[in-house]
């Protein structure tokens, strides 16, 4: 059961380390694009949220959640790599012994760095575009207010929110590998992202760009580099654990063919 999906994830892990071994700059570029696409989704939902909050519409968070699907849809349809989904993918590939744990570590570190660069660049361009200042200053204030909240949330809460978030992101990824129709893939991506944004979970890659926006916009003492490190550190750890422990490992365990392994062991004996 689920063997086809596990094989697809394993093949993806092989492709990723293959690109890495061919050219680290190429793999970094793929990670950059993944995060940059996510930052485009962040620009969209916080522009919407800022306008609706300014107008006194209390249901702004629901609409923000309904619109964030564009982020992961761009990653899957256009191409790009994310630290969050790679937690699951490289774990499965390593357990299947198609890539090594050292390969997985290389990918996790490199994709995280590439995602950070993409998020920072996306945030810089958004702020330079002036879309959160001047006549749209209320959008900037909305962004900074939310950034301050994220930076000052207790570490354990960030960890658990990150864990829950990546369960949904990895389930969206799992569905994208499982389903054949593009429309079905997009629909499942939309549902999973709608859930995590509306519920208030934390995505490390999205936060890389979003928190940078807060740092680049006028802000108070509650927005700081240390707050950035605090949030990204705890959320990245939660994302990592969530993707591996609650999605990758369970599906791998279910898919294990014990009968085949037993026959193989007897043949070897």
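Just so you know, glycine gets a Cβ as well, placed from its N, Cα and C.
Keep in mind it's a predicted model, so treat the numbers as computed, not measured.
Annotated in TrEMBL:
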- 27-48: transmembrane segment (TRANSMEM)
- 60-84: transmembrane segment (TRANSMEM)
- 105-127: transmembrane segment (TRANSMEM)
- 158-177: transmembrane segment (TRANSMEM)
- 189-212: transmembrane segment (TRANSMEM)
- 232-254: transmembrane segment (TRANSMEM)
Residues of the parent chain within Cβ reach of the transmembrane segment (60-84), under 8 Å, 6 or more residues beyond its termini:
16, 27, 30-31, 33-38, 40-42, 44-46, 48-49, 52-53, 108, 111-112, 114-115, 165-166, 169-170, 172, 176, 182, 185-186, 189-190, 192-200, 203-206, 236, 239-240, 243
With Cβ distances under 8 Å as the criterion, find the stretch in 105-127, 158-177, 189-212, 232-254 that has the most pairs with the transmembrane segment (27-48).
105-127
Restricting to CB pairs under 8 Å, which listed stretch, 105-127, 158-177, 189-212, is in contact most with the transmembrane segment (232-254)?
158-177
